[in-house]
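Structure first, then comments.
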Amino acid sequence: MTTDTIVAQATAPGRGGVGIIRVSGPQAAQVALEVTGKTLKARYAEYLPFKAQDGSELDQGIALFFPNPHSFTGEDVLELQGHGGPVVMDMLIKRILTISGVRPARPGEFSERAFLNDKMDLTQAEAIADLIDASSEEAAKSALQSLQGQFSKRIHTLVESLIHLRIYVEAAIDFPEEEIDFLADGKVAGDLQAIIDNLDAVRKEANQGAIMREGMKVVIAGRPNAGKSSLLNALSGKDSAIVTDIAGTTRDVLREHIHIDGMPLHIIDTAGLRDASDEVEKIGIERAWDEIRQADRVLFMVDGTTTDATDPKEIWPDFIDRLPEQIGITVIRNKADQTQESLGICHVSQPTLIRLSAKTGQGVEALRNHLKECMGFSGNSEGGFMARRRHLDALQRAAEHLLIGQEQLEGYMAGEILAEELRIAQQHLNEITGEFSSDDLLGRIFSSFCIGK
């Protein structure tokens, strides 16, 4: 149980019409009394002067007091809404910190206290940060769904199903003398398969939510003058990169952040890959390889006027040999406006081949759709929820243990092993909502939040 009181600015730092100071903890009522000079009514907005220790006015604004447990954190909470200048906000915080028992809040500590006081679970707490950081309307809607508990409900449904199945399996183990073989009667196998199917559906939705949050990192790579910078400009819809006929124009990494039907896309244009003698260009090429190694997908640009080949191993075997195996690659035959090739995607080719003209924009829409397909992104965020990498990992581990349990049941009727695998799967699901979490995990999650949240 926390005994100290915390304070922080809840609004973004900098100038603004309104700035909000948030206080949470047992001293919140005392802070209100000392700063406003009166005892505040619960959940009642009052326009009052905010006073310094000597009684002089620091600012004027609205004061709101929320007694526990009916507050965001579940503790006594005070909000002071004053003028949003950084100097005014700083003076108010310094004034509040003169009161005994009050200290500055750590990043995410208000949300952490809300979680610890059962005002929200871990996925809802994380959704607050995701909603603040949302880079598109679709991402904001998904984060709001998580904040409202949609993701949590799906996890709780799975956990409840697991609990009921565990009870049935444990009963079969504890009462082997019963005439009916509960493990062989088909109910356990049927219920287990239903849980596996439901978990698969949640994993697919969670993957969509993770894409919405994290986006896709796409690196445009190839030899100099293949049209990489022109493709960056075509995808971003603006002249982000300088385009000339001079090979080696791009010497450093260029980045653009765009959205394709709500899917965040981090596009990176790199220096043309070749054996360069110029020291600056060499550095740019090495940086290009650094980005390629971290990519979700590489767009391998080929100047269609220089070769008829479509296989990257034939076009540039050294590049393919150096490319990490796990990274997907799409071959882009550029300058189709000059070669008169048919535009669009060739599905029978491995890797995928797309013919386009980065200069005119012809065929670029096919590339956009291809990138969505590569990430399994449906573009339908209605009813979807936001997810993080740790959620995907926990769901995957839960699925793995369920499949092990299913194998033990079907192959060996091993009830004890099945029961243990079900228990571990439930534990991994509980990690998502925070019903089973280490202090280290909580520390990592909340430390990534804004101060004041």
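Every residue number used here counts from 1 along the chain in the order it is shown.
Cβ coordinates are placed from backbone N, Cα and C, and glycine is handled just like the others.
The annotation (6S)-5-formyl-5,6,7,8-tetrahydrofolate binding site is assigned in Swiss-Prot to R22, E79, K119, K453. For 215-376, the entry in Swiss-Prot reads domain 'TrmE-type G'. Residues or ranges marked as K(+) binding site in Swiss-Prot (evidence: sequence analysis): N225, T244, I246, T249. Among the features that Swiss-Prot reports, GTP binding site is placed at 225-230, 244-250, 269-272, 334-337, with the record citing sequence analysis. Swiss-Prot lists S229, T250 with the feature Mg(2+) binding site, giving sequence analysis as the kind of evidence.
Feature map: Swiss-Prot annotations on the structure.
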residue : record                                              : DSSP (3 states)
R22     : (6S)-5-formyl-5,6,7,8-tetrahydrofolate binding site : strand
E79     : (6S)-5-formyl-5,6,7,8-tetrahydrofolate binding site : strand
K119    : (6S)-5-formyl-5,6,7,8-tetrahydrofolate binding site : coil
N225    : K(+) binding site                                   : coil
K335    : GTP binding site                                    : coil
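The number of other Cβ atoms within 10 Å of the Cβ belonging to N225 (K(+) binding site), over all protein chains shown, comes to 20. Here the binding-site residues are R22, K119, K228, K335, and the one ringed by the most other CB atoms within 10 angstroms is K228. Counting every protein chain shown, the number of other Cβ atoms lying within 10 Å of the Cβ of S229 (Mg(2+) binding site) is 24. Non-local contacts of E79 ((6S)-5-formyl-5,6,7,8-tetrahydrofolate binding site) by the CB criterion (under 8 A, 6+ apart in sequence, same chain) comprise A10, I20, I21, R22, V23, A63, L64, F66. Reported as a whole number, the C-alpha separation between K228 (GTP binding site) and K119 ((6S)-5-formyl-5,6,7,8-tetrahydrofolate binding site) equals 50 Å. Here the Cα atom of N225 (K(+) binding site) is found 57 Å from that of K119 ((6S)-5-formyl-5,6,7,8-tetrahydrofolate binding site). Mean pLDDT, taken over the domain 'TrmE-type G' (215-376), works out to 83 on the 0 to 100 scale. Rounded to a whole number, the distance between the Cα atoms of K335 (GTP binding site) and S229 (Mg(2+) binding site) is 13 Å. In this structure the C-alpha atoms belonging to K335 (GTP binding site) and K119 ((6S)-5-formyl-5,6,7,8-tetrahydrofolate binding site) are separated by 57 Å.
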